[in-house]
Amino acid sequence: MPKNSKVTQREHSSEHVTESVADLLALEEPVDYKQSILNMAGETGGKQKAADEELGAEDRPAWNSKLQYILAQIGFSVGLGNIWRFPYLCQKNGGGAYLVPYLVLLIIIGIPLFFLELAVGQRIRRGSIGVWHYVCPRLGGIGFSSCIVCLFVGLYYNVIIGWSIFYFFKSFQYPLPWSECPVIRNGTVAVVEAECEKSSATTYFWYREALDISNSISESGGLNWKMTLCLLVAWSIVGMAVVKGIQSSGKVMYFSSLFPYVVLACFLVRGLLLRGAVDGILHMFTPKLDKMLDPQVWREAATQVFFALGLGFGGVIAFSSYNKPDNNCHFDAALVSFINFFTSVLATLVVFAVLGFKANIMNEKCVVENAEKILGYLHTNVLSRDLIPPHVNFSHLTAKDYTEMYKVIRAVKEDHFASLGLDPCLLEDELDKGTGLAFIAFTEAMTHFPASPFWSVMFFLMLINLGLGSMIGTMAGITTPIIDTFKVPKEMFTVGCCVFAFFVGLLFVQRSGNYFVTMFDDYSATLPLTVIVILENIAVAWIYGTKKFMQELTEMLGFRPYRFYFYMWKFVSPLCMAVLTTASIIQLGVTPPGYSAWIKEEAAERYLYFPTWAMALLITLIVVATLPIPVVFILRHFHLLSDGSNTLSVSYKKGRMMKDISNLEENDETRFILSKVPSEAPSPMPTHRSYLGPGSTSPLETGGNPNGRYGSSYLLAGTPESEL
């Protein structure tokens, strides 16, 4: 072989040498193919196996262990939504009745699509951009849209972590600062803050001390410097956790994924020992059956399934892409989905046990206050003592006694009852009050705990860790596909993303920032996410082919997945998602988007519609998130953007092939790629492609020797299989 040939360079140099397939074979002396590492389909002995293993080894990072990978997926899927959103939706949508639509949608949409994302990520070993480019080049925009949605979610999600950081540091004092209303002193006169007196201490602390919120989204009010600092701390923590990729984030997951379960277990034991905990749990599991038929409940359940499992974000695909090709991702899908649902139910038990305790305390307070009103009416002869049952003792008045007395007074004084201002003091009414579960209702309940600062520190440290695990997955959904596709420096790009996100995130730490969080959380991310998940399903099930996909899963896993997945991917899941998407669009048309504003003068919430400029911003965000899908489709449909099928080269380093991309002339593709049809497109789940050496017949003319004269099987450069 000539000394100046590139193959000779490859043998004597550690530098990358890149050349086209045509240049590689032209004018080179024959080699002993039996001893060559390039022989992939000829000999089947030990050297052949070694060659396969060497080609399979690549520079892509990998998880240190299966446990680390599972914890990463759990950390990404189990987040603040399990502790905050799921209990809120359960309370809002009929208690135990909400679990029915959630479980149904988890089985027919959640688990099948979670398994699908795990499988394509593991098989193709790329981020979301690369995966959907290979599955269907014309739908390659799915990956870009996933990155944009991840960015939108990451922007406001880290703000919520910032809120948790603020409460965490405020918890190191006794009594807790939200346990009592502040007192304003004017000389010798002490007056309770009016806004706090009209609402409650915890509500006042949340809206005024923490958020310092404005009356509407149109009133910016400037930056909240306390939350700005907390946001900076949050992005600094996330940046340090993800700067090295899975090498750094994988280690963080051991703590951030496991610690919340320790705290939840402690809270569950403590909560069950609280007086009134059983009332809260019974309230949770008492179903309101009429809610099960409400389309709005099903739509919210579907959205929660998407957010809970991280479907469509790209984080699931990114984490799975660092797996070994033979990993049992079917088991992973079932395990992570079960743990996710179990965590949601466990968190809901904890929340409702604590809320039951709080409801009993507030109900007792209501009874005492109204009993004092009745005593006053008795002393002024507004009410007759004959209305009071003889067994009632005002010194030890129970909720049952008060309810009996309330009913008698209401029946006798029916005409003038409203002027008395008496409350029914029903426990169910207190249990239904769950606005702001994490930062209002739960924090108020903790003020009644013995050693309340300890429990508050643990609770908000748990929220920080839950949020961190989800943010690591969200950042992976942004960085992994961009780094894989554009080969940008990992550390520099990751740090740049965090800095950029911090400055854009200042939008959410204005005094009106909470209203923008509502806009992004409820509207801007939800609809694009649903579209992405539908197209992912269609790309695999209808364009690539469910049967073909199932066959390749069988080869990868070593067993055939259940036929259940075939029917879910092919028919049930896309149909259900199409119906839910249509319902979401109709809902937006019927009910204009809005938000709950806190009115300072009234010390109460009021539902307001978004103004015109905010609606324009909301629509723009939805369009920006989904725009890459039609743009890439049009560009590739009219051949304005290459789909990569006409790019083929090989690159060498220390005796093994590596992927590189360089252009070949159009007719080189059919000359040098062996396939049953020269125009055959690269497989999204590629198999080894054989190369025909010089002097071989056309692949269309050969029947028995698919590897031609030399038996040298070349991998299709630019496909994931070339790096497996």
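Including glycine, each Cβ sits where the backbone N, Cα and C put it.
Just so you know, TrEMBL annotations never went through curation; they're auto-generated.
Note that the structure is predicted; figures quoted are calculated from it, not measured.
Among the features that TrEMBL reports, transmembrane segment is placed at 69-87, 99-120, 141-169, 225-246, 258-278, 301-322, 334-355, 454-480, 492-511, 523-544, 564-590, 610-635. Annotation comment: TrEMBL describes Gly75, Val78, Asn82, Asn340, Leu466, Ser470 as Na(+) binding site. What TrEMBL lists as region 'Disordered' is 678-724.
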Can you tell me which parts of the same chain pack against the transmembrane segment (334-355), counting only residues 6+ beyond its ends and a CB-CB cutoff under 8 A?
70, 73-74, 77-78, 82-83, 86-87, 90-91, 99, 103, 106, 110-111, 114-115, 261, 264, 267-268, 271-272, 274, 277, 280-281, 283-284, 308-309, 431, 434, 437, 441-442, 445-446
Would you count the other C-beta atoms found within 10 angstroms of the C-beta of Leu466 (Na(+) binding site) for me?
28
Going through 69-87, 99-120, 258-278, 454-480, 523-544 one by one, which has the most CB pairs that fall under 8 Å from the transmembrane segment (141-169)?
454-480
Taking the recorded Na(+) site as Gly75, Val78, Asn82, Asn340, Leu466, Ser470, identify the other residues of that chain whose CB atom sits within 8 Å of the mean position of the site's CB atoms, giving them in sequence order.
Ile74, Phe76, Ser77, Gly79, Leu80, Gly81, Ser257, Pro260, Ala308, Thr343, Gly469
With CB pairs under 8 Å as the measure, which of the listed stretches 69-87, 225-246, 258-278, 454-480, 523-544 comes out on top against the transmembrane segment (99-120)?
523-544
Checking distant contacts: for the transmembrane segment (610-635), what same-chain residues at least six beyond its ends satisfy Cβ-Cβ under 8 A?
138-142, 144-145, 148-149, 152, 217-218, 519-520, 523-525, 527-528, 531-532, 535, 592-595, 641
Given pairs 6 or more apart, does the transmembrane segment (225-246) have at least three Cβ pairs under 8 Å with the transmembrane segment (564-590)?
no
Long-range Cβ neighbours of the transmembrane segment (523-544) (under 8 Å; 6 or more residues past either end):
113, 116-117, 120, 132, 135-136, 139, 142, 145-146, 148-149, 152-153, 302-303, 306-307, 311-313, 569-570, 573-574, 577-578, 580-581, 584-585, 588, 593, 618, 621-622, 625-626, 629, 684-685
Go through Asn82, Ser470, our binding-site residues, and report the one whose Cβ sees the most other Cβ atoms within 10 Å.
Ser470
